[in-house]
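S.K.: Okay, here's the structure, questions in a sec.
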Amino acid sequence: MTMLLKFGHYSSNLVLFAFGAVILLTNPYIYLMRGNKMTTFLTEKNIPKFKVAEKEKITLGIKTTGKEKKLPGFIIAGFMKCGTQALATFLSYHPKLKRSDKTEVHFFDRIAKLDKSVSYVDLMPEIYPWEMSFEKTPSYADIVNLSTIYNTIPGVKILLQICDPVERTMSAFLHAQENTRKGFIVSKNATFESVVLGINSQVDETCHLIRHGVYVNYIQNFLKYFPRDRILITDMMNLKLNPAITLHQVERFLNISPYFKEKQFYFNPMLNTSCIHTDISNATPIKKSYVECIGTLG
């Protein structure tokens, strides 16, 4: 608590520095998302005309022919410590969306370390023609040259979720103390101020933790490689308070049928966040045994 109180008078400067510029870039995306024609993916209306019995089997989830691994329709590519796990988990309940088995794939940011016999599509789930696969790796935002992603997955869409940069920096600081990373180690005895503040107690813009909260720099880099109508920016606070509304935005962006409803979510006052009722129709048996809430998803 002392650390938070001591940093309180610096937070407004950090917000203006890190967050203010993003708002200027966020508004156009909202307009583009609503106004521009999006790439069309297969939906239930596009399903090939199977025989009635075959189609019923597919509807019931019985394994039939026609399922294969495909490149993802979209990637949640940022930002770290901004609730991307919650966003991916909620989206995985949509009957048309299938998430990769791995929580984070880390293909494009670790290509040099990967087994050369493993292709990217091998890491995706098997899907039917009317389904769309996706993956989440927020560290993709750190990649300077995004051409590999662009060239490997033609037409892929990018989801970027932002959050309060001060809260994000604090969360990243605590995470760094618990999980030392090569090239950036935070001592367990270090204070927040000693890490993020420089000369004359000014915010150190070169600090790794601070840089990750300057979203505008990363967004501009994505714009060098991807058209604006293939990038959607969501806000973690909106997801936390109004998950159904945020998920509706994603559905429109992906041009898939609407599925999420407000009644599928509830606000947990003890956790001060939203949770999803896991007994919704497409929940897998393993997911029906517990409730998933933003903040408890990592």
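Cβ from N, Cα, C; glycine included.
Any TrEMBL annotation is an automated prediction that lacks curation.
According to TrEMBL:
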- Lys81: active site, for sulfotransferase activity (ACT_SITE)
- Ser171: 3'-phosphoadenylyl sulfate binding site (BINDING)
- 74-276: domain 'Sulfotransferase' (DOMAIN)
- 12-32: transmembrane segment (TRANSMEM)
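For the listed features, I'd like the structural context: burial, neighbours, distances.
M.R.: Shown in sequence order, Cys163, Arg168, Ser171, Ala172, His175, His212 are the residues of the chain, 6+ apart in sequence, with a C-beta less than 8 angstroms from the C-beta of Lys81 (active site, for sulfotransferase activity).
Under the DSSP three-state reduction, Ser171 (3'-phosphoadenylyl sulfate binding site) is assigned to helix.
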S.K.: Near Ser171 (3'-phosphoadenylyl sulfate binding site), how many other Cβ atoms are within 10 Å of its Cβ?
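M.R.: Ser171 (3'-phosphoadenylyl sulfate binding site) is surrounded by 16 other Cβ atoms within 10 Å.
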